[in-house]
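Engineer: Pulled the feature table from Swiss-Prot, pasting it below:
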type	residues	note
BINDING	71, 76, 77, 78, 79, 134	ATP binding site
BINDING	134	(R)-lipoate binding site
DOMAIN	29-216	domain 'BPL/LPL catalytic'
């Protein structure tokens, strides 16, 4: 008989939860099925092939201590807070079936008086006076012998904060990654005012056990106990690293231009794996030497202000006669990177 497990995370760290998900998925026997329920504190979660500089307001996230987490699956960028409940269904093949897991989630919600439906894409929706409204999005991953379906449920998320960290000015980024599809969304507390995370988890667990006709005791997952699982520590280190969350970004070009009192500049930065591989600066500045020097020095630097500010400071120190235009350029340039 297939062993059935239910895991509940008591951590709200997105890097921990995503590392748990991936470690369990990789290490579970192919004849096992797992339900994993979790939630994250303030986080922007991006798809595996997305560009965080395009999808997110990274400066605002840093200011507000909002984490960035790149998941293993595709799809778009989403904002998580404690008003979200996340689910992951894992199973070996041929049992793995995302339609079954979707039915289980909907059955759990029906126990709470919420009658959602699956639409033609990968969303769960409700219909109200404003039309069809999305309350859940999903993404999927499959290997040769197993698969998983994970998604998020909007219970009481602060929807106003979506605009704080997503949908930035595009700043002429020409990206090869996937741009998120923005959908109209709704919180489930508009249907059931007292809905909360534990209540939803219990309803989904009950629907899960009923579907498989098994009674399963949930296992509590916490950072204090989980680091002993083989491979987890390395996966957590990867999941929380800058190289994974930013460096895995598909190649892109950042084009920016501005006119200053001393002349105009047009900057092209070719970025791969979070590193500037080529910088080109055009300018009608009377003496273009400082811009030529800057272009040479930008190549090879990490694409963030922490790496770029010292480069400009060093150039100003070496070329004091150009300090005023370089200072003006620096203020504008660093703001564009953010």
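Numbering starts at 1 and runs along the chain as it is shown here.
A Cβ is built for glycine as well, from the same backbone N, Cα and C atoms used for every other residue.
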Engineer: Which site among 71, 134 has the most other CB atoms no more than 10 Å from its CB, taking these as binding-site residues?
Structural biologist: 71
Engineer: Look up residue 79 (ATP binding site) in the DSSP assignment and reduce it to helix, strand or coil.
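Structural biologist: Reduced to three states, the DSSP call for residue 79 (ATP binding site) is strand.
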Engineer: Using Cβ-Cβ distances, find the residues under 8 Å from residue 78 (ATP binding site) that belong to the same chain and are at least 6 apart in sequence, listing them in sequence order.
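Structural biologist: Correct list: 44, 45, 137, 152.
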Engineer: Provide the number of Cβ atoms within 10 Å of the Cβ of residue 76 (ATP binding site), excluding the reference atom itself.
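Structural biologist: Total other Cβ atoms inside 10 Å, all chains included: 18.
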Engineer: Work out the three-state DSSP category of residue 71 (ATP binding site).
Structural biologist: coil
Engineer: Assuming the binding residues for ATP are exactly those in the record, 71, 76, 77, 78, 79, 134, what is the maximum CA-CA distance in angstrom, rounded?
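Structural biologist: Largest pairwise Cα separation, rounded: 21 Å.
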